[in-house]
Protein chains: 2
Amino acid sequence: MSVTAAAGFRAAGVAAGLKSAGPDVALVVNDGPLSSAAAVFTTNRVKAAPVLWSQQAVADGVARAVLLNSGGANACTGPDGFADVHASVEHAAQLLSVGAADVLVCSTGLIGERLPMDRLLPGLDSAVAALSGKGGADAADAIRTTDTVAKTATVTHPDGWSVGAMAKGAGMLAPSLATMLCVLTTDAVAEASSLDAALRAAVRTTFDRLDADGCMSTNDTVALLCSGASGIAAPDEALAEAVRAVCADLAAQLLADAEGATKEVEIVVSSAASEDDAVEVGRSIARNNLLKCALFGNDPNWGRVLAAIGTTTAAFEPDELDVAINRVQVCRGGAAGDSRDGVDLSGRRVLIEVELHAGEATATVHTNDLSHDYVEENSAYSS
Amino acid sequence: MSVTAAAGFRAAGVAAGLKSAGPDVALVVNDGPLSSAAAVFTTNRVKAAPVLWSQQAVADGVARAVLLNSGGANACTGPDGFADVHASVEHAAQLLSVGAADVLVCSTGLIGERLPMDRLLPGLDSAVAALSGKGGADAADAIRTTDTVAKTATVTHPDGWSVGAMAKGAGMLAPSLATMLCVLTTDAVAEASSLDAALRAAVRTTFDRLDADGCMSTNDTVALLCSGASGIAAPDEALAEAVRAVCADLAAQLLADAEGATKEVEIVVSSAASEDDAVEVGRSIARNNLLKCALFGNDPNWGRVLAAIGTTTAAFEPDELDVAINRVQVCRGGAAGDSRDGVDLSGRRVLIEVELHAGEATATVHTNDLSHDYVEENSAYSS
């Protein structure tokens, strides 16, 4: 049901010719009565034009629509690229009879090339004409790039309100955020400050702990729009939990669809001195190309796990480290433990458990293996 | 000529059966009259047993021999692994009639497995028997793992002294150091403090600026031994330059032989606010898997260069960034510059030039592309 699972929203996805085939322009419109909103963006200092725009547009906690496109990131396009965003927003705002400053924009695709405005603007006309309370699936489909499937999620609260969402992302998945565009909608009654708190908390432990390839995008955007159409006020805690559940669901879908991956790797770091330490260790393991290649080759090479841990600033003693791979404790006290021959890596899921023996904190980071297909997809992407 | 290019040194390389085939034990002996020495080691906090030993052994600025082996890293082997180092050193010291604390040890190979001492100790007997003033090439050959060629370098100073060296390394090449073992020798007359200063300065701008795959080893060691056999005192500056030249030569050889690489990529970051900024930016680009895949595919994807720069803390403004790839300025002022179609990436060498427009500092970082063969070699390494 995607973004139209929540009442008060219409959406559409249409083909404007930005990509060689398939839908590439999506629109999500909030018909209210509320128009509160929140969003988080990439922390990359090189931000795409739509990010620069949307950061400003959402700063007042109000948004009425989100315009999205695949087929071009509109990043590193200079003042001309920003003018293109502005023209798109003005056009959409006029069609929807809303203020331009209440329209957010998300783009994804190749960096460094202008969008073909002669196709995008007519595409907006088509998208507005196609808007429907059942258009969520079409919108989710239109924002795909190398995604093999559209990603959507929904949570319905027993009190009678819902959160719906769609996301795209299959590569350049690293904090913060994992490269992706994501729009969440809710028909709960909530203020922008509650939305903001819920969204930031959810992103911190879901999308921000995906690290497929260590590469941070220029375009990442996660937006949450609130229509209040259910008429039911959501307590902050319930809203936060629903938003978190939707984000966790989508993050798992992103991981499952990561470019060229044959493994989904869950790295659980325990007994850390702090959550930051646990995340740092998990991320260092997640980014170790040699380990990721080993996992692709079904090789439980725990030495590479220790070598990765050793590059961090986390509190630990090398001779106290324990590592288990798929429940076999291959490393005990910093040296060989049970036989690596007992580790079954034939399946798609890999669980790496690390004990730092330095405290009480825990964190989980998700990544993939490094495969021939990853190299293939990313060597041929722009050509 | 390797390590025996300098007078006063003997070396050997023999097959002890640590690997399934080929030589795997090397020995370098300093016959003096001097025995001053210096060494730098991996900054990984998970250090192999031979590193833990050698750090202590060289702390007094004296070394008489270096024992090296391929076929096993003796890392993450706990107290037993350290006892193995100690047994090797005692055995070698007795055979050579030197103090055990004057013998350095370097190991390379798979992490997490004990060395077969029943093969290594007899191998030391063979190595001592084979020691020769012409044994440098054999020693260089014996320390290879996935290296396709042995790496050696020599500088002869007009004043009549020399620096010789051998190195191994083909993967896990990242600071600090690039994964490698390297032994340098000199017959100049020099004190340990001069050797130490020369070696640290050389490593900082050569091996430490290689970043093939972002992975830091547990075993990296670069040792410099001084026999003084030429009888000629080397001024500090001349010694430093000779050591730097040898390290630069070996670093280039390591890069050329990096596992599975099809490109040698030189990243020159200029007009940075500081050298640290320039190195941070260069390293971030060198570690970007998406860019490295693009280069493998001959795709001058400068957007990925900017996305990598954007993740750093260096001083720059996104709309002032300039990037040239193989002399074509594909990005000007943070946006598209000259056509990417003009970039010729058909050759093995790739030059990426970045201007930050934030100051006067410059640094160069070297890396490789990310290829199918890299994935292949590293997915099958331990199996």
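Even glycines carry a Cβ here, placed using N, Cα and C.
Those TrEMBL annotations? Automatic predictions, nothing curated.
Copied over from TrEMBL, here are the features:
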type	residues	note
ACT_SITE	B:THR179	active site, nucleophile
BINDING	B:THR145, B:LYS168, B:THR179, B:GLU259, B:ASN378, B:SER383	substrate binding site
Chain A proximity: which binding-site residues among B:THR145, B:LYS168, B:GLU259, B:ASN378 have CB distances under 8 Å? Answer 'none' if there are none.
B:ASN378
Binding-site residues listed as B:THR145, B:ASN378, least Cβ neighbours within 10 Å:
B:THR145
Check the DSSP secondary structure of B:LYS168 (substrate binding site), expressed as helix, strand or coil.
strand
